[in-house]
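> The transmembrane segment annotation in TrEMBL covers 48-67, 88-109, 129-146, 158-180, 195-219, 226-247, 253-273, 294-316, 343-363, 384-404.
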(Lines of atoms letter the chains of each structure in order from A and count residues from 1; the text may use other names and numbers.)
(Lines give C-alpha, C1' and ligand atoms only; values in the text may rest on other atoms or scores of the structure.)
Protein backbone atom coordinates (compact mmCIF):
# COMPACT_ATOMS: atom_id res chain seq x y z
CA UNK A 1 0.00 0.00 0.00
CA UNK A 2 2.92 2.36 0.71
CA UNK A 3 4.22 1.77 -2.77
CA UNK A 4 0.80 2.46 -4.23
CA UNK A 5 0.43 5.69 -2.29
CA UNK A 6 3.82 6.98 -3.36
CA UNK A 7 3.91 5.66 -6.90
CA UNK A 8 5.24 7.94 -9.61
CA UNK A 9 3.44 7.48 -12.89
CA UNK A 10 5.83 7.42 -15.83
CA UNK A 11 5.12 9.41 -18.95
CA UNK A 12 5.00 6.32 -21.08
CA UNK A 13 5.60 2.59 -21.05
CA UNK A 14 3.53 -0.43 -20.24
CA UNK A 15 3.61 0.22 -16.51
CA UNK A 16 1.77 3.57 -16.69
CA UNK A 17 -1.73 2.05 -16.81
CA UNK A 18 -1.14 -0.35 -13.91
CA UNK A 19 0.53 2.42 -11.90
CA UNK A 20 -2.49 4.65 -12.43
CA UNK A 21 -4.78 1.87 -11.23
CA UNK A 22 -2.69 1.37 -8.08
CA UNK A 23 -2.70 5.09 -7.39
CA UNK A 24 -6.45 5.39 -7.94
CA UNK A 25 -7.10 2.40 -5.68
CA UNK A 26 -5.05 4.07 -2.97
CA UNK A 27 -7.05 7.26 -3.39
CA UNK A 28 -10.40 5.46 -3.37
CA UNK A 29 -9.49 3.86 -0.05
CA UNK A 30 -8.59 7.26 1.43
CA UNK A 31 -11.85 9.18 2.04
CA UNK A 32 -10.12 12.38 3.20
CA UNK A 33 -10.04 15.44 0.96
CA UNK A 34 -6.31 15.84 1.63
CA UNK A 35 -5.62 12.29 0.51
CA UNK A 36 -7.65 12.74 -2.67
CA UNK A 37 -5.97 15.99 -3.71
CA UNK A 38 -2.48 14.97 -2.56
CA UNK A 39 -2.49 12.06 -5.02
CA UNK A 40 -3.10 14.33 -8.00
CA UNK A 41 -5.54 13.59 -10.83
CA UNK A 42 -8.10 10.99 -9.84
CA UNK A 43 -11.84 10.45 -10.36
CA UNK A 44 -12.81 11.69 -6.89
CA UNK A 45 -10.91 14.95 -7.24
CA UNK A 46 -12.33 15.39 -10.74
CA UNK A 47 -15.87 15.53 -9.35
CA UNK A 48 -15.09 18.67 -7.36
CA UNK A 49 -13.31 20.38 -10.25
CA UNK A 50 -16.26 19.79 -12.57
CA UNK A 51 -18.60 21.06 -9.85
CA UNK A 52 -16.43 24.19 -9.54
CA UNK A 53 -16.65 24.76 -13.30
CA UNK A 54 -20.42 24.31 -13.09
CA UNK A 55 -20.66 26.76 -10.16
CA UNK A 56 -18.57 29.28 -12.11
CA UNK A 57 -21.01 28.98 -15.03
CA UNK A 58 -23.92 29.58 -12.64
CA UNK A 59 -22.27 32.70 -11.23
CA UNK A 60 -21.39 33.97 -14.70
CA UNK A 61 -24.98 33.50 -15.88
CA UNK A 62 -26.29 35.34 -12.81
CA UNK A 63 -23.82 38.19 -13.37
CA UNK A 64 -24.84 38.42 -17.04
CA UNK A 65 -28.51 38.61 -16.02
CA UNK A 66 -28.30 41.08 -13.13
CA UNK A 67 -25.19 43.16 -13.79
CA UNK A 68 -24.07 42.55 -17.36
CA UNK A 69 -26.48 44.89 -19.12
CA UNK A 70 -23.88 47.57 -19.86
CA UNK A 71 -21.43 45.02 -21.22
CA UNK A 72 -24.06 43.09 -23.14
CA UNK A 73 -25.26 46.21 -24.96
CA UNK A 74 -22.27 45.67 -27.21
CA UNK A 75 -24.11 42.61 -28.50
CA UNK A 76 -26.67 44.89 -30.10
CA UNK A 77 -23.98 46.09 -32.49
CA UNK A 78 -23.55 42.49 -33.58
CA UNK A 79 -27.32 42.34 -34.10
CA UNK A 80 -27.61 39.26 -31.93
CA UNK A 81 -30.33 40.71 -29.68
CA UNK A 82 -33.76 42.10 -30.40
CA UNK A 83 -33.16 45.18 -28.27
CA UNK A 84 -36.02 44.57 -25.84
CA UNK A 85 -35.69 45.58 -22.21
CA UNK A 86 -35.34 42.02 -20.93
CA UNK A 87 -33.59 40.55 -23.96
CA UNK A 88 -30.00 41.09 -22.89
CA UNK A 89 -30.41 39.51 -19.46
CA UNK A 90 -32.27 36.45 -20.75
CA UNK A 91 -29.91 35.93 -23.67
CA UNK A 92 -26.88 36.38 -21.43
CA UNK A 93 -28.11 33.53 -19.24
CA UNK A 94 -28.92 31.34 -22.23
CA UNK A 95 -25.54 31.95 -23.86
CA UNK A 96 -23.60 31.05 -20.70
CA UNK A 97 -25.83 28.01 -20.29
CA UNK A 98 -25.22 27.02 -23.90
CA UNK A 99 -21.45 27.18 -23.43
CA UNK A 100 -21.68 25.05 -20.28
CA UNK A 101 -24.01 22.58 -22.01
CA UNK A 102 -21.71 22.19 -25.03
CA UNK A 103 -18.69 21.60 -22.77
CA UNK A 104 -20.36 18.86 -20.73
CA UNK A 105 -22.03 17.22 -23.72
CA UNK A 106 -18.58 16.99 -25.35
CA UNK A 107 -17.25 15.40 -22.17
CA UNK A 108 -20.23 13.02 -22.22
CA UNK A 109 -19.45 11.90 -25.76
CA UNK A 110 -15.72 11.52 -25.01
CA UNK A 111 -16.16 9.48 -21.80
CA UNK A 112 -19.30 7.45 -22.55
CA UNK A 113 -18.74 3.76 -21.90
CA UNK A 114 -15.58 4.16 -19.82
CA UNK A 115 -15.50 1.25 -17.39
CA UNK A 116 -11.83 0.56 -16.60
CA UNK A 117 -9.26 2.74 -14.87
CA UNK A 118 -6.64 1.79 -17.47
CA UNK A 119 -8.81 3.23 -20.25
CA UNK A 120 -7.15 6.39 -21.71
CA UNK A 121 -10.51 8.14 -21.33
CA UNK A 122 -10.14 7.82 -17.55
CA UNK A 123 -7.01 9.98 -17.74
CA UNK A 124 -8.91 12.50 -19.88
CA UNK A 125 -11.81 12.60 -17.41
CA UNK A 126 -9.56 12.99 -14.37
CA UNK A 127 -6.86 15.26 -15.76
CA UNK A 128 -5.91 17.65 -18.56
CA UNK A 129 -7.54 20.50 -16.66
CA UNK A 130 -5.82 23.34 -18.49
CA UNK A 131 -7.06 22.03 -21.82
CA UNK A 132 -10.60 21.44 -20.56
CA UNK A 133 -10.90 24.83 -18.90
CA UNK A 134 -9.68 26.40 -22.16
CA UNK A 135 -12.37 24.45 -24.04
CA UNK A 136 -15.07 25.61 -21.60
CA UNK A 137 -14.00 29.25 -21.88
CA UNK A 138 -13.77 28.95 -25.65
CA UNK A 139 -17.24 27.48 -26.19
CA UNK A 140 -18.72 30.05 -23.78
CA UNK A 141 -17.16 32.92 -25.73
CA UNK A 142 -18.31 31.34 -28.97
CA UNK A 143 -21.87 31.21 -27.62
CA UNK A 144 -21.84 35.01 -27.32
CA UNK A 145 -21.12 35.30 -31.05
CA UNK A 146 -24.10 33.23 -32.17
CA UNK A 147 -27.16 34.96 -33.66
CA UNK A 148 -30.14 35.60 -31.43
CA UNK A 149 -32.33 33.12 -33.32
CA UNK A 150 -30.07 30.18 -32.48
CA UNK A 151 -29.95 31.18 -28.82
CA UNK A 152 -33.75 31.40 -28.65
CA UNK A 153 -34.00 27.93 -30.23
CA UNK A 154 -31.61 26.64 -27.56
CA UNK A 155 -33.81 28.29 -24.94
CA UNK A 156 -36.82 26.29 -26.14
CA UNK A 157 -34.79 23.06 -26.20
CA UNK A 158 -33.53 23.85 -22.69
CA UNK A 159 -37.09 23.52 -21.37
CA UNK A 160 -37.00 19.85 -22.37
CA UNK A 161 -33.43 19.32 -21.11
CA UNK A 162 -34.26 20.86 -17.75
CA UNK A 163 -37.27 18.55 -17.52
CA UNK A 164 -34.97 15.57 -18.14
CA UNK A 165 -32.73 16.78 -15.33
CA UNK A 166 -35.68 17.04 -12.94
CA UNK A 167 -36.77 13.52 -13.88
CA UNK A 168 -33.28 12.11 -13.29
CA UNK A 169 -33.06 13.92 -9.96
CA UNK A 170 -36.50 12.67 -8.98
CA UNK A 171 -35.61 9.03 -9.70
CA UNK A 172 -32.32 9.46 -7.85
CA UNK A 173 -34.03 10.83 -4.72
CA UNK A 174 -36.71 8.14 -4.72
CA UNK A 175 -34.14 5.39 -5.29
CA UNK A 176 -32.10 6.70 -2.37
CA UNK A 177 -35.17 6.72 -0.10
CA UNK A 178 -36.20 3.19 -1.09
CA UNK A 179 -32.60 2.00 -0.65
CA UNK A 180 -32.56 3.34 2.93
CA UNK A 181 -35.93 1.71 3.57
CA UNK A 182 -34.82 -1.67 2.18
CA UNK A 183 -31.61 -1.62 4.20
CA UNK A 184 -33.47 -0.83 7.43
CA UNK A 185 -36.14 -3.49 6.81
CA UNK A 186 -33.72 -6.24 5.80
CA UNK A 187 -33.39 -9.28 8.05
CA UNK A 188 -29.86 -8.28 8.96
CA UNK A 189 -30.75 -4.77 10.18
CA UNK A 190 -34.46 -4.95 11.04
CA UNK A 191 -34.03 -5.59 14.75
CA UNK A 192 -31.09 -3.25 15.21
CA UNK A 193 -32.67 -0.35 13.27
CA UNK A 194 -36.20 -0.74 14.64
CA UNK A 195 -36.00 2.20 17.05
CA UNK A 196 -34.19 4.40 14.56
CA UNK A 197 -36.81 3.69 11.89
CA UNK A 198 -39.65 4.59 14.23
CA UNK A 199 -37.98 7.83 15.32
CA UNK A 200 -37.10 8.95 11.77
CA UNK A 201 -40.51 7.95 10.35
CA UNK A 202 -42.40 9.69 13.16
CA UNK A 203 -40.24 12.79 12.83
CA UNK A 204 -40.78 12.85 9.06
CA UNK A 205 -44.56 12.73 9.42
CA UNK A 206 -44.55 15.39 12.14
CA UNK A 207 -42.37 17.75 10.08
CA UNK A 208 -44.51 17.14 6.99
CA UNK A 209 -47.73 17.94 8.85
CA UNK A 210 -46.20 21.02 10.49
CA UNK A 211 -45.02 22.16 7.05
CA UNK A 212 -48.51 21.75 5.63
CA UNK A 213 -50.03 23.70 8.53
CA UNK A 214 -47.48 26.50 8.13
CA UNK A 215 -48.17 26.71 4.40
CA UNK A 216 -51.88 27.10 5.17
CA UNK A 217 -50.99 29.97 7.53
CA UNK A 218 -48.49 31.69 5.24
CA UNK A 219 -49.95 31.18 1.79
CA UNK A 220 -53.74 31.06 2.27
CA UNK A 221 -54.47 34.33 4.10
CA UNK A 222 -57.75 34.72 2.24
CA UNK A 223 -60.45 32.14 1.34
CA UNK A 224 -60.11 33.26 -2.27
CA UNK A 225 -56.65 31.65 -2.48
CA UNK A 226 -58.21 28.55 -3.99
CA UNK A 227 -55.17 27.52 -6.01
CA UNK A 228 -52.84 27.49 -3.00
CA UNK A 229 -55.47 25.73 -0.92
CA UNK A 230 -55.69 23.08 -3.63
CA UNK A 231 -51.90 22.67 -3.86
CA UNK A 232 -51.49 22.25 -0.10
CA UNK A 233 -54.54 20.04 0.42
CA UNK A 234 -53.60 17.82 -2.49
CA UNK A 235 -50.12 17.39 -0.99
CA UNK A 236 -51.77 16.13 2.19
CA UNK A 237 -53.88 13.73 0.13
CA UNK A 238 -50.79 12.46 -1.68
CA UNK A 239 -49.04 11.87 1.63
CA UNK A 240 -51.98 9.77 2.77
CA UNK A 241 -52.02 7.89 -0.55
CA UNK A 242 -48.33 6.98 -0.33
CA UNK A 243 -48.74 5.79 3.25
CA UNK A 244 -51.80 3.68 2.41
CA UNK A 245 -50.11 2.02 -0.56
CA UNK A 246 -46.91 1.39 1.40
CA UNK A 247 -48.83 -0.27 4.26
CA UNK A 248 -50.98 -2.44 1.99
CA UNK A 249 -50.63 -6.10 3.08
CA UNK A 250 -49.39 -7.17 -0.36
CA UNK A 251 -46.64 -4.49 -0.31
CA UNK A 252 -45.80 -4.00 3.38
CA UNK A 253 -43.05 -1.41 2.79
CA UNK A 254 -43.39 0.20 6.22
CA UNK A 255 -43.63 3.81 7.40
CA UNK A 256 -40.10 5.03 6.74
CA UNK A 257 -40.15 5.43 2.95
CA UNK A 258 -43.55 7.20 2.72
CA UNK A 259 -42.52 9.43 5.63
CA UNK A 260 -39.35 10.53 3.83
CA UNK A 261 -41.29 10.86 0.58
CA UNK A 262 -43.75 13.05 2.48
CA UNK A 263 -40.91 15.42 3.37
CA UNK A 264 -39.88 15.55 -0.28
CA UNK A 265 -43.43 16.16 -1.49
CA UNK A 266 -44.10 18.92 1.05
CA UNK A 267 -40.78 20.53 0.16
CA UNK A 268 -41.69 20.54 -3.55
CA UNK A 269 -45.10 22.04 -2.75
CA UNK A 270 -43.45 24.78 -0.69
CA UNK A 271 -40.99 25.51 -3.52
CA UNK A 272 -43.88 25.73 -5.97
CA UNK A 273 -45.84 28.23 -3.90
CA UNK A 274 -42.72 30.28 -3.17
CA UNK A 275 -42.15 30.51 -6.93
CA UNK A 276 -45.41 32.42 -7.38
CA UNK A 277 -44.57 35.97 -8.48
CA UNK A 278 -44.57 38.87 -6.05
CA UNK A 279 -47.69 40.99 -5.90
CA UNK A 280 -50.05 38.05 -5.48
CA UNK A 281 -52.37 38.46 -2.50
CA UNK A 282 -51.88 34.80 -1.59
CA UNK A 283 -48.10 35.08 -1.36
CA UNK A 284 -47.31 37.78 1.15
CA UNK A 285 -43.81 36.46 1.67
CA UNK A 286 -43.09 37.04 -2.01
CA UNK A 287 -44.37 40.57 -1.57
CA UNK A 288 -42.06 41.04 1.41
CA UNK A 289 -39.13 39.71 -0.61
CA UNK A 290 -39.46 42.46 -3.24
CA UNK A 291 -36.89 44.44 -1.24
CA UNK A 292 -33.29 43.41 -1.89
CA UNK A 293 -32.07 42.89 1.66
CA UNK A 294 -29.53 40.52 3.20
CA UNK A 295 -32.16 37.78 3.64
CA UNK A 296 -33.02 37.91 -0.08
CA UNK A 297 -29.34 37.69 -0.99
CA UNK A 298 -28.76 34.77 1.38
CA UNK A 299 -31.80 32.95 -0.05
CA UNK A 300 -30.47 33.48 -3.56
CA UNK A 301 -27.00 32.19 -2.67
CA UNK A 302 -28.46 29.12 -0.97
CA UNK A 303 -30.66 28.48 -4.02
CA UNK A 304 -27.65 28.75 -6.33
CA UNK A 305 -25.57 26.38 -4.21
CA UNK A 306 -28.52 23.96 -4.05
CA UNK A 307 -28.47 23.72 -7.86
CA UNK A 308 -24.78 22.76 -7.84
CA UNK A 309 -25.16 20.28 -4.96
CA UNK A 310 -28.21 18.65 -6.56
CA UNK A 311 -26.41 18.29 -9.89
CA UNK A 312 -23.26 16.99 -8.21
CA UNK A 313 -25.05 14.39 -6.07
CA UNK A 314 -27.27 13.22 -8.93
CA UNK A 315 -24.34 12.95 -11.33
CA UNK A 316 -22.48 10.37 -9.24
CA UNK A 317 -25.61 8.28 -8.65
CA UNK A 318 -25.37 6.31 -11.89
CA UNK A 319 -26.20 3.02 -10.11
CA UNK A 320 -29.88 4.02 -10.15
CA UNK A 321 -29.94 4.01 -13.94
CA UNK A 322 -27.50 1.31 -15.01
CA UNK A 323 -26.42 -2.12 -13.88
CA UNK A 324 -22.79 -2.83 -13.32
CA UNK A 325 -21.68 -5.55 -15.71
CA UNK A 326 -18.97 -6.67 -13.33
CA UNK A 327 -20.89 -6.49 -10.08
CA UNK A 328 -19.73 -9.27 -7.83
CA UNK A 329 -16.83 -10.19 -10.11
CA UNK A 330 -14.44 -9.85 -7.18
CA UNK A 331 -11.10 -9.84 -8.93
CA UNK A 332 -12.13 -7.24 -11.51
CA UNK A 333 -13.67 -4.73 -9.11
CA UNK A 334 -10.42 -2.92 -8.30
CA UNK A 335 -9.92 -1.63 -11.84
CA UNK A 336 -13.53 -0.46 -12.25
CA UNK A 337 -14.27 3.27 -12.44
CA UNK A 338 -15.94 4.49 -9.21
CA UNK A 339 -18.91 6.06 -11.03
CA UNK A 340 -20.27 6.37 -14.55
CA UNK A 341 -18.33 9.15 -16.27
CA UNK A 342 -20.71 9.47 -19.21
CA UNK A 343 -23.78 9.65 -16.98
CA UNK A 344 -21.99 12.17 -14.74
CA UNK A 345 -21.36 14.56 -17.63
CA UNK A 346 -24.84 14.03 -19.06
CA UNK A 347 -26.38 15.12 -15.76
CA UNK A 348 -24.21 18.22 -15.72
CA UNK A 349 -25.18 18.98 -19.34
CA UNK A 350 -28.88 18.85 -18.49
CA UNK A 351 -28.09 20.72 -15.28
CA UNK A 352 -26.74 23.57 -17.44
CA UNK A 353 -30.17 23.82 -19.06
CA UNK A 354 -31.82 23.57 -15.65
CA UNK A 355 -29.97 26.50 -14.09
CA UNK A 356 -30.80 28.61 -17.14
CA UNK A 357 -34.49 27.88 -16.66
CA UNK A 358 -34.32 28.75 -12.97
CA UNK A 359 -32.57 32.06 -13.62
CA UNK A 360 -35.13 33.12 -16.26
CA UNK A 361 -38.16 31.60 -14.50
CA UNK A 362 -38.73 28.99 -17.24
CA UNK A 363 -39.91 31.83 -19.49
CA UNK A 364 -37.71 33.36 -22.18
CA UNK A 365 -40.07 36.30 -22.69
CA UNK A 366 -40.30 38.05 -19.33
CA UNK A 367 -37.87 39.98 -17.16
CA UNK A 368 -36.55 38.65 -13.84
CA UNK A 369 -35.78 40.91 -10.88
CA UNK A 370 -32.30 40.99 -9.40
CA UNK A 371 -31.37 38.45 -6.74
CA UNK A 372 -34.30 36.20 -7.56
CA UNK A 373 -34.29 32.61 -8.73
CA UNK A 374 -37.04 30.31 -9.99
CA UNK A 375 -39.82 32.92 -9.82
CA UNK A 376 -42.93 32.95 -12.02
CA UNK A 377 -46.12 31.02 -12.63
CA UNK A 378 -44.34 28.69 -15.05
CA UNK A 379 -41.83 27.85 -12.32
CA UNK A 380 -44.64 27.20 -9.85
CA UNK A 381 -46.42 24.77 -12.16
CA UNK A 382 -43.17 22.99 -13.03
CA UNK A 383 -42.61 22.34 -9.32
CA UNK A 384 -46.18 21.15 -8.78
CA UNK A 385 -46.04 18.76 -11.74
CA UNK A 386 -42.69 17.50 -10.45
CA UNK A 387 -44.33 16.82 -7.06
CA UNK A 388 -47.19 14.86 -8.59
CA UNK A 389 -44.82 12.94 -10.84
CA UNK A 390 -42.66 12.03 -7.83
CA UNK A 391 -45.68 10.45 -6.11
CA UNK A 392 -46.63 8.57 -9.28
CA UNK A 393 -43.09 7.18 -9.68
CA UNK A 394 -42.91 6.15 -6.02
CA UNK A 395 -46.31 4.43 -6.05
CA UNK A 396 -45.46 2.68 -9.31
CA UNK A 397 -42.18 1.40 -7.82
CA UNK A 398 -44.25 -0.16 -5.03
CA UNK A 399 -47.02 -1.75 -7.07
CA UNK A 400 -45.12 -2.65 -10.26
CA UNK A 401 -43.48 -5.83 -8.90
CA UNK A 402 -46.87 -7.17 -7.75
CA UNK A 403 -48.62 -6.28 -11.01
CA UNK A 404 -45.86 -7.77 -13.17
CA UNK A 405 -45.69 -10.89 -11.03
CA UNK A 406 -49.45 -11.33 -11.29
CA UNK A 407 -49.34 -10.97 -15.08
CA UNK A 408 -46.55 -13.52 -15.40
CA UNK A 409 -48.62 -15.91 -13.28
CA UNK A 410 -51.54 -15.44 -15.68
CA UNK A 411 -53.88 -13.98 -13.10
CA UNK A 412 -55.57 -10.63 -12.86
CA UNK A 413 -53.82 -7.76 -11.00
CA UNK A 414 -54.75 -7.47 -7.34
CA UNK A 415 -57.23 -4.78 -6.34
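Glycine is no exception: its Cβ is also placed from the backbone N, Cα and C atoms.
So where do these features actually land, and what's packed around them?
For the transmembrane segment (48-67), the list of distant contacts is 89-90, 92-93, 95-97, 99-100, 103-104, 129, 133, 136, 140, 304-305, 307-308, 311-312, 344-345, 348, 351-352, 355-356, 359-360, 368, 370-371: same-chain residues at least six beyond its ends, Cβ to Cβ under 8 Å.
Same-chain residues lying 6 or more positions outside the transmembrane segment (253-273) and placing a CB less than 8 Å from one of its CB atoms are 173-174, 177-178, 180-181, 184-185, 197-198, 200-205, 207-208, 211-212, 215, 219, 228, 231-232, 235, 238-239, 242-243, 245-247, 283, 374, 379-384, 386-387, 390-391, 394, 398.
Tertiary proximity for the transmembrane segment (343-363) is limited to same-chain residues at least six positions away from its ends with a CB under 8 Å from its CB atoms, namely 47, 50, 54, 57-58, 61-62, 65, 89-90, 93-94, 96-98, 100-101, 104-105, 107-108, 111, 155, 157-159, 161-162, 164-166, 168, 275, 303, 307, 310-311, 314-316, 318, 321-322, 373-376, 378-379, 382.
Outside the transmembrane segment (384-404), and at least 6 residues removed from its termini, the chain residues within Cβ reach (under 8 Å) are 166-167, 170-171, 173-174, 177-178, 231, 235, 238, 241-242, 245-246, 250-251, 253, 257, 261, 264-265, 268-269, 272, 413-414.
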